[in-house]
């Protein structure tokens, strides 16, 4: 402990964009906005979007996307998209997340719900998971109160019996947490029914390094950065084997007896997180009674589908997600 009057020291520095000081103060740089602004917002004339608040106590907002071509006679499935950012960064308004949601809505002919959630280290885990539950509670409230008719003036019909959760990176971890909480029966939201989960480059961790983690850094991601995200987001004193980071850690609750809805795991073959995602899918499959599809895109890095939305691989990802949804409807 420093003496009185001693200036606080930088305990963690995350790319110069986020600093955690020794006295607990968190400093965030506005430069992150400058970085995200380098990605142009997509001008998609086929999708309407609007913002709404879903949790007033924490002032948390979400963004709704609806394809203009949607017919009032056709009920739209719901896709709840959780953005990535290592639990420390990210927002529904970041261009690549916004653009991806526009594409999800138009390609899947679905109503897309893209929420913000509390970020670490100001709000360490399980804050993000609690907010994810709040999103589904909000969705339930819309279903039972017919509030969906107020989302858009034309009163688009929404099928709450066909809800899908899609998560990117840390959002993929959130999707896993929701799948487990639903599967264990701790969340009951009838008439809202989650039919399946899509985990895209899910952010999982562990103390023992995998081969892909020991491989070369990616253009936008390094092992050091992943470790910092865990130190900043996990409860103080927790290791990467904590169950919120490692679903199969030495002290993690078993998933053997939990009934999980079908899951689709998508990962790039050159991702540092590839082996974590592959192990996750393999171990769930091995338990039996759990449907898990694993798709790996050769030579692709983390976030290839949102960072390069016009690529053939990104278009293929959308087709795979669409097929996954259609097979479960």
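Counting starts with 1 at the first residue shown.
Cβ coordinates are placed from backbone N, Cα and C, and glycine is handled just like the others.
Feature annotations, courtesy of Swiss-Prot:
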- 169: active site, nucleophile (ACT_SITE)
- 271: active site (ACT_SITE)
- 302: active site (ACT_SITE)
- 85, 86, 169, 170: (-)-2'-epi-GR24 binding site (BINDING)
Cβ density check for residue 302 (active site), other Cβ within 10 Å (all protein chains) comes to 25
Around the Cβ of the residue listed as 'active site, nucleophile', the count of other Cβ atoms that are within 10 Å: 26
Quick note, residue 85 ((-)-2'-epi-GR24 binding site) and residue 169 (active site, nucleophile): C-alpha atoms separated, nearest Å, by 7
Calculate the distance in Å between the alpha carbons (Cα) of residue 170 ((-)-2'-epi-GR24 binding site) and residue 271 (active site), and round it to a whole number. 14
Roughly how many angstrom lie between the C-alpha atoms of residue 271 (active site) and residue 169 (active site, nucleophile)? 11
Report the residues of the chain - excluding 85, 86, 169, 170 - with C-beta within 8 Å of the mean position of the site's C-beta atoms, for the recorded (-)-2'-epi-GR24 site, in sequence order. 83, 84, 87, 88, 89, 90, 168, 171, 203, 229
In Å, how long is the longest CA to CA span across 85, 86, 169, 170, which the record gives as the (-)-2'-epi-GR24 binders? 7
Do me a favour and check the Cα-Cα span between residue 86 ((-)-2'-epi-GR24 binding site) and the residue listed as 'active site, nucleophile'; whole Å is fine. 7
Among all protein chains shown, how many Cβ atoms are found within 10 Å of the Cβ of residue 271 (active site), not counting that one? 25
Take the Cβ of residue 86 ((-)-2'-epi-GR24 binding site) and count every other Cβ within 10 Å, whichever protein chain it belongs to. 22
To the nearest whole angstrom, what is the C-alpha distance linking residue 302 (active site) and residue 169 (active site, nucleophile)? 8
